[in-house]
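One structure is given here, and the rest of the page talks about it.
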Amino acid sequence: MANSTSTTSTTQPGRYSRRGSSAGDRVFDIVNYIFLTCLMIVTLYPFLNTLAVSLNAASDSIKGGIHLWPRVFSAENYKFVFNEATIYNATFISVLRTVLGTVVTVFASAMVAYTISRPEYVLRKFITIAFIITMYINGGLIPNYLLIRDLGLINSFWVYIWPGVIGVFNLIIIRSFIEQLPESVIESGRIDGAGDFRTFFNIVFPLCLPVLATVALFTAVYQWNSWFDVFLYNSSNVKLSTLQYELQKILQNSNTTSSAETAFANSGSGASIKVSPLSIRATMTIVAAVPMIIVYPFLQKYFVKGMTVGGVKG
Amino acid sequence: MENKAALAASPQTPANKPNGLTLIIKRLIQQRTLVLMSVPFVIWLFVFKYVPVWGWTIAFQDYQPSLSFKEQEWVGFHHFQSLFSEDRFLISLRNTLAMSGINLVLGFVTAVSLALLLNEVRKVAFKRVVQTVSYLPHFISWVVAAGIIQTMLAPDGIFNELLKTFGFIEKGQEILFLGKAEWFWGIFGASSVWKDVGWNTIVYLAAISSIDPAQYEAAEMDGAGRLRRMWFITLPGIKPVIIVLLIMNIGYLLESGFEPQYLLGNGMNAEYSENIDIFVLKYGLQQFNFPLATAAGMFKTVVSFVLLFSANHIAKRLGQDRLF
């Protein structure tokens, strides 16, 4: 079911059998194509403009008028950004939390989803309800902060992993997937004398890979894009900073600067500005965004699948 | 399931009827692998999701971090009273409702329209390209989005550039968009649409794909043009999905988001950008007024809970499938 909805939603080969015959239809088509093309331009322009600014010499960018292409090409902004030791460490932490967080979440969610998909399990109802309640009620910022503090997770890498081990949404889509598997497949494991753990690991887990890919991608995007937990719990420890948080700090600094976005890191020599807040901001934005931008077109079908499975089921 | 199990188990001990508890314990021992696989995560759930709810007690105390729970002084609803006499809270409540309202209406209209237009595209390749491009902003973080938006809105950004080109402003009169408080809701709405409109079409496109093609053929025979088919077949066809999503989203009326407001907000537009979540952050973790901030957070969760349940209930009454 999941497969059919997602494929038809992304590729819908010729809904109408006959080509638009009337003149009105043709006008509609032309207007529609023009509109959608404009929409693409509007969507993409901000990215391309930011990229152009990041590749343009800072002293020239201040004059404005940069659009899709750098006017005075310069790699100086990137040199400046990558000159700081923090950025390598931040990249490392970003990658580490993305990989580790995703592995933990996928494995834990799949395991719990398997147990609550077993009809004979006594605690099945209790566990399912206990998880679903948390979708509606949460303690909120302050109690959560106090909990993390009391658990000693402040100033620790594990604060990126522990709070997000299982997401209820993930749990539900994996459970629905497992429940669609033919019972005979799971029973065949039983007959071979496999216990629940081996049945899960050897039979169910491999069969779930399509839905687990979706969960993994959602989790990875979430982990890569997170900055608030860094800000809240680890802002005093630069060793635990991430790329997104480094960018957030830059935004925060340049947030209130007005047109006088000039004097910054040019260390006294006013004539030869090498970088400016504007150019650094653009450069860090690109650095923090590029991994996602490169990866997502190849993986979008899994995301779409997850959306349609979770959104309109039944 | 439980009944069947009870039936199967009871004949084995016919003499003294086992009570429910011993039966459950017996079956738990039988199913110890499943227990081992799930109970550690139930404990995790309890610690990370239920213990913080206990933290709501702070809202009813004159909380002193140095004292133990028993030593705290209880003050009843005092903090809730001061919350509702606090101007900044009322302003943040207004901003929350306004921004989620804008998001709701604008988000729906744009996503449904785009889905309808995409559905009319016959060249599969073109449709794919449009979809891929329109999903892009959804995948970047709000930090990156805010970085891009700030660049666009900067005094030397594209918007001021355009205004100058068309002669609306002179050089030197550049507008500081994010400094105009009353424009913030608009900027927020437009940013949200840019970020999520493509992504939000997915659900509608899936719903459109389940409409019976025979309906379109019949309409075509009757001489209905493209616009009429969109209006009389596609739109009614996805009406159930639209209604369910609309109702469900009303349940999130107090969840106007946090990141865009925090990242694009500044001292100049605080009057319009500060919502409840930012109020909680500022009063709680920057001014260390834990009770007041907890009370604000609790108010939000409780109202959301009531809204969500009513929404779910209404959706069910209308005979539609609930989302979960």
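Glycine is treated like the rest: Cβ placed from N, Cα and C.
Feature annotation from TrEMBL assigns region 'Disordered' to A:1-21.
For A:1-14, the entry in TrEMBL reads compositional bias 'Polar residues'.
The transmembrane segment annotation in TrEMBL covers A:27-48 (among others).
Here TrEMBL flags A:87-114 (among others) as transmembrane segment. Packing against the transmembrane segment (A:87-114) from elsewhere in the chain are residues 81, 127, 131, 157, 160-161, 164-167, 170-171, 174-175, 178, 196, 200, 204-205, 208, 212, 215-216, 219-220, 223-224, 226, 238-246, 287: each is 6 or more residues past its ends and has a CB under 8 Å from a CB in it.
The domain 'ABC transmembrane type-1' annotation in TrEMBL covers A:91-299.
According to TrEMBL, the transmembrane segment annotation covers A:126-148 (among others). Residues of the same chain lying 6 or more positions beyond the ends of the transmembrane segment (A:126-148) and with a Cβ under 8 Å from any Cβ of it are 112, 115-116, 154, 159, 163, 166, 168-169, 171-172, 175, 232-233.
Annotation source TrEMBL lists transmembrane segment at A:160-178 (among others).
The transmembrane segment feature in TrEMBL is assigned to A:199-224 (among others).
The transmembrane segment annotation in TrEMBL covers A:278-299 (among others).
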With contact taken as 3 or more Cβ pairs under 8 angstroms (pairs 6 or more apart in sequence), are the transmembrane segment (A:160-178) and the transmembrane segment (A:199-224) in contact?
yes
